[in-house]
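**Q** Structure provided below as structure tokens; questions to follow.
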Amino acid sequence: MVLLPEKPVWMSQQQYEEQYGSLLKLKESEKCNHEDKQLALQPKESSIGYSTQERIAKLSVPEVQDDDKNSKVRNRKHQRFDLEEKKKKLRLQKTIEEQIKHHDIEMTANRVVNVDHVVRQHYNERTFLSKKHNRNYSPIIKLRNFNNAIKYILIDKFTRAGDVVLELACGKGGDLRKYGAAGISQFIGIDISNASITEALKRYHSMKNLEYQVILITGDCFGESLGVAVESFPECRFPCDIVSCQFALHYAFETEEKARRMLLNVVKSLKIGGYFFGTIPDSEFIRYKMNKIPESVEKPSWGNSIYKVTFSNNEYQKNGNEFPSPFGQMYTFWLEDAIDNVPEYVIPFESFRSLADEYGMELELQKGFNEFFVEEIPNWVNRFSPKMREGLKRSDGRYGVEGVEKEPAAYFYTTFAFRKVRDYQE
């Protein structure tokens with residue numbers, strides 16, 4: 001029997017037919033064969049006997065009542081059967097989707113396809129799912145609050161009133177209000193997920209008192225020149241004062257070519273004296289975890305009940321606890337209610353700093369989330385709204401994260417900021 005996944009709501013019919021065209025044809029052929037068999041097995045009508053109405057008319061009253069009771073019992077059985085069938089169908093659907101995703105990840109790990117396809121599909125799907133859930137009931141709500149606090153502080157630290165901001169991989173526009181508080185004059189957001197950009201536009205139109213221009217564009221920030229994406233938007237005021245990238249830069253380190261294209265996009269978009277800042281996985285924390293895993297483990301992994309990191313091979317351990325290359329060191333990252341086993345890439349920070357220097361940028365800041373938060377929170381606690389302060393409060397009355405959320409929030413990520421000091425000559 002041909003198993004065919006249902007079309008996701010965010011996928012167009014054309015994309016669905018392109019991806020599963022061969023399966024659709026097999027399914028149609030199977031359906032026709034099944035209908036032919038059913039037709040052949042169907043009993044022919046007998047000319048002898050009574051019609052349904054005539055049979056009911058001949059029944060006595062007690063027989064009709066018994067038939068009603070039996071009918072209700074049968075209906076209940078059918079309802080239970082239908083419910084079980086629905087559950088089976090959902091389980092089967094989930095299994096098929098997981099198999100397809102596993103296949104896509106394997107293809108990415110073997111470099112048959114690049115990571116863009118998997119990333120775009122994941123964030124299109126997450127955008128749809130997020131509409132159905134109230135984030136206030138998220139199991140990682142404290143982690144989200146902590147990450148937002150880090151971004152608020154970073155934005156305030158490097159952004160000035162009147163600045164023009166370019167955000168790479170802007171997602172659903174979650175930082176629009178943060179930039180509003182900084183008093184910027186223009187925000188240019190670019191993201192590879194068209195569903196995320198659509199949601200960002202809705203968010204922007206629903207906001208009040210945002211006194212700056214917002215331009216949202218679907219485009220590839222890492223794989224191609226930004227000129228391709230922004231050429232239809234002459235209102236963009238390049239060069240910018242700020243380029244920001246939050247929790248997404250790791251996708252650029254799939255290859256050296258991508259990492260260099262990303263940095264070229266940054267320096268071409270940025271004024272001399274402007275800042276490039278963001279948040280990335282902390283390569284030193286990843287090394288610390290990997291160093292504790294023996295070479296005998298083929299697929300090193302670690303995590304807890306809300307997050308998990310899994311490498312596709314143990315080349316790091318075989319190479320004397322060093323990554324064989326600064327690029328293409330893939331792992332899958334799962335975070336409860338946020339990231340569903342999406343391929344990501346290690347950003348060895350010294351390699352990142354060296355490349356940035358080559359492109360005319362000097363390092364201004366690099367601190368892990370925990371260190372950065374501990375240093376900055378005394379100056380910020382009274383600047384946050386009461387709701388934000390409450391969202392950051394731990395069970396001991398202090399501010400930050402605790403329990404299972406602490407590792408993926410406070411230790412897995414680091415902040416960075418570079419300042420452009422000279423133009424890059426290609």
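Every residue, even glycine, has its Cβ placed from backbone N, Cα and C.
Quick paste from Swiss-Prot:
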DOMAIN    138-421  domain 'mRNA cap 0 methyltransferase'
BINDING   Asn147, Asn148  mRNA binding site
BINDING   Lys151, Ala169, Asp191, Asp220, Gln246, Tyr251  S-adenosyl-L-methionine binding site
SITE      Lys172  site 'mRNA cap binding'
SITE      Lys178  site 'mRNA cap binding'
SITE      Arg203  site 'mRNA cap binding'
SITE      His250  site 'mRNA cap binding'
SITE      Glu344  site 'mRNA cap binding'
SITE      Tyr413  site 'mRNA cap binding'
**Q** Averaged over the domain 'mRNA cap 0 methyltransferase' (138-421), what pLDDT does the prediction give?
**A** 96
**Q** Within a 10 Å radius of its Cβ, which of these recorded positions (Lys151, His250) has the fewest neighbouring Cβ atoms?
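**A** Looking at the recorded positions Lys151, His250, the Cβ with the fewest others within 10 Å is that of Lys151.
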**Q** Do any of Asn147, Asn148, Lys172, Lys178, Glu344, Tyr413 (recorded positions) have a CA within 10 A of Tyr251 (S-adenosyl-L-methionine binding site), and if so which?
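**A** Final answer, ordered: Glu344.
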**Q** Which ones in the same chain are close to Asn148 (mRNA binding site), with CB under 8 Å and 6+ residues apart in sequence?
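**A** Gly174, Lys178, Met388 - these are the non-local Cβ neighbours of Asn148 (mRNA binding site), listed in sequence order.
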**Q** Please name the residue among the recorded positions Asp191, Asp220, Glu344 whose C-beta has the most neighbouring C-beta atoms within 10 angstroms.
**A** Asp191
**Q** For Asp191 (S-adenosyl-L-methionine binding site) and Arg203 (site 'mRNA cap binding'), determine the Cα separation and express it in whole Å.
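**A** With distance taken Cα to Cα, Arg203 (site 'mRNA cap binding') is 15 Å from Asp191 (S-adenosyl-L-methionine binding site).
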**Q** Please give the maximum pairwise Cα distance, in Å and rounded to a whole number, for the S-adenosyl-L-methionine-binding set Lys151, Ala169, Asp191, Asp220, Gln246, Tyr251.
**A** 23
**Q** Distance between Tyr413 (site 'mRNA cap binding') and Asp220 (S-adenosyl-L-methionine binding site) at the Cα atoms, whole Å?
**A** 23
**Q** Mind giving me a neighbour count for Arg203 (site 'mRNA cap binding')? Other Cβ atoms within 10 Å of its Cβ, every protein chain shown.
**A** 16
**Q** Is Ala169 (S-adenosyl-L-methionine binding site) helix, strand or coil when read with DSSP?
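**A** Once the DSSP labels are grouped into three classes, Ala169 (S-adenosyl-L-methionine binding site) ends up as coil.
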**Q** Reported as an integer number of Å, what is the Cα distance between Asp220 (S-adenosyl-L-methionine binding site) and His250 (site 'mRNA cap binding')?
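**A** Asp220 (S-adenosyl-L-methionine binding site) to His250 (site 'mRNA cap binding'), Cα-Cα distance: 14 Å.
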**Q** Of these recorded positions, Tyr251, Tyr413, which scores lowest on Cβ atoms within 10 Å?
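**A** Comparing Cβ neighbour counts within 10 Å for the recorded positions Tyr251, Tyr413 gives Tyr413.
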